[in-house]
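Enquirer: Before I ask anything, let me first share the structure, which is written out below as structure tokens.
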Amino acid sequence: MTVNDTSAVTVKDATALVRLTDVSKYYGNIRALQGVSLEVSAGEITCVLGDNGAGKSTLIKIIAGLHRHDSGSFEIEGEETVLANPRAALDHGIATVYQDLAVVPLMPVWRNFFLGSEPTRGRGPLRRLDVDLMRETTRAELLRMGIDLRDVDQPIGTLSGGERQCVAIARAVYFGAKVLVLDEPTAALGVKQSGVVLKYVAAARDAGLGVVLITHNPHHAHLVGDRFVLLKRGAMAGSHTRDSITLDELTRQMAGGSELDELSHELERVAESGPDRPSGTTRTPRDDTTR
Amino acid sequence: MSAPALADERLAPTSLVRRLLGRPELGAVVGAAAVFVFFSFAADSFLRASSLSTILYSASTIGIMAVPVALLMIGGEFDLSAGVMVTTSALISSMFSYQMTANVWVGVLVSLLITLAIGFFNGFMLTRTKLPSFIITLGTFLMLTGLNLGFTKLISGSVSTKTIADMEGFTSARALFASQWNVGSVTLKVTILWWLALVAVATWILLRTRAGNWIFAVGGGADAARATGVPVVKTRIGLYMGVALCAWISGQHILFSFDVVQSGEGVGNEFLYIIAAVIGGCLMTGGYGSAIGSAVGAFIFGMTSNGIVYAQWNPDWFKFFLGAMLLLATLLNAWVRKRAEAK
């Protein structure tokens, strides 16, 4: 366990909604995360970039309250906190939108929208879901963010990836999140849908939320980000503000710089030895039609 | 629905048929109609009022348990101990009252507490160990089967309990759990009321309360439920205690209808409850189903088990019918699920 660097605490910025300082996490003897620091303030987007296995998921789980960090400090609005569970994170105003979106595919959109925070009316045994409010709010909230849903009664599993992403973000915004944590919101989306989601993210920022955007796409990150934290194999590989780094530099660092050069040489070599390619890999038009 | 001021061109007007297809009970209702028509022709006495009341009674005995089992299954779990738990509950109230020479109601309440504790045990073990519910409740099933026989022989000296019909409080308890009314030639039993009330309460819980939303979520995506702040552990334990509560009702009915309890009873009934729930549209994998469906499933069970007798067939055929119906229902459910999850 590392000892907290007390000098870092004394210069803390009072406006930070969430601040991680030198946070580490171990799964048994596996080091998932070591010495990672990150902060996000209101009206700011902090991007966490990293390749697969860089520790992005672990970081998100700590912020969301699914896992506890083993060392380092986790402050919410300046107060040292250990989150017991996701509910505690929500109570602190930290809403997380996971890659799997935390939706239940078989349930209608409106039930998913309010899952875990259902409004009720009546008392005692007559305490019941306010179904009309739930339906109407879902429809209105989604419309307000530009999603015109065909039918809020359809199972959420029948929506497209972008629509589901938007429902999940709209849900977090509606429930008064102060900090929005987005896990690869554009990973499975096309160019146009990614644009829609990024516009949302910017809209959430403009509404005064602090956003933690996890991604492995430096282009998306640089479009909206104010701060960039780079992760590599569970450790910090860099921390930059928007002014101090260009898209090209971000892309280069993200891809591992020299590793990318090496890769391009390797690919060239493969291309030169083209005739040796096994014939089985050649695509014929039939491949496309018989799939 | 409010008047569509801004008609959405993407939303094709849903026909009644399509809407019905989206209901979990659909398969069961169609099946029930088919079985009803079939036995109406196959057995002359099937349509008599007295036969129908017998059918309703046997449907209610399964149905009372099928309701919580359906809820549990929507929550994504099984309870293999549900069948013997009914017997356990009856044995406890009978033997406690007899041994303590207490008012029967004392035994009934003690039985309620112990049965709920068994349900809590199932749910607690499941959520704590994270083992499949199949294993946990199989263990409870075997343990209860052994305890039922062992304790009964130890205390009563035989495989059945002593009669408690002459004890204080028996009449009032019988009125609550096992009374019946004669309406003309028809005998209506109180279990039918218990059954209908349970279906109504369970439907209310499922569709109109937060707990209901949580049950669907826990069965349809436990990780998503946990991430959105749904109390997954409490929901699961609550579902098992619901099964226990209904096992208690069912057990008291058996005790007060027959005065004595056979300690080996109840084994195998857990499957009848599960079958009723599955025929009623519950997905084996959780997240989808209804309490009304389980009632229709139980009604199909009642019609088939009695219809075969009225048609004067060999009752051996009954199990075949039940099995075929289960297969058909499961196929239909799989199709529904595919439709609902289509991206």
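Heads up, the Cβ atoms here are built off N, Cα and C, so glycines get one too.
Got these off TrEMBL a minute ago, pasting:
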type	residues	note
TRANSMEM	B:26-43	transmembrane segment
TRANSMEM	B:55-73	transmembrane segment
TRANSMEM	B:104-124	transmembrane segment
TRANSMEM	B:131-151	transmembrane segment
TRANSMEM	B:186-207	transmembrane segment
TRANSMEM	B:237-258	transmembrane segment
TRANSMEM	B:270-288	transmembrane segment
TRANSMEM	B:295-311	transmembrane segment
TRANSMEM	B:317-336	transmembrane segment
Enquirer: For the transmembrane segment (B:26-43) and the transmembrane segment (B:317-336), check the count of CB pairs under 8 Å (sequence separation 6 or more) and say whether it reaches 3 or more.
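Expert: Contact between the transmembrane segment (B:317-336) and the transmembrane segment (B:26-43): present, because at least 3 Cβ pairs are under 8 Å.
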Enquirer: Using a Cβ distance cut-off of under 8 Å, indicate which of B:237-258, B:270-288, B:317-336 has the most pairs with the transmembrane segment (B:104-124).
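Expert: The stretch with the most close Cβ contacts to the transmembrane segment (B:104-124) is B:237-258.
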Enquirer: Relative to the transmembrane segment (B:295-311), which of B:55-73, B:237-258, B:270-288 accounts for the most Cβ pairs at distances under 8 Å?
Expert: B:55-73
Enquirer: Do any residues, 6 or more residues outside the transmembrane segment (B:270-288), come within under 8 Å Cβ-to-Cβ of it, and if so which ones?
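Expert: Answer is 23-28, 31, 62-63, 65-66, 69-70, 73-84, 141, 216-221, 294-298, 300-301, 322, 325-326, 329-330, 333, 336-337, 340.
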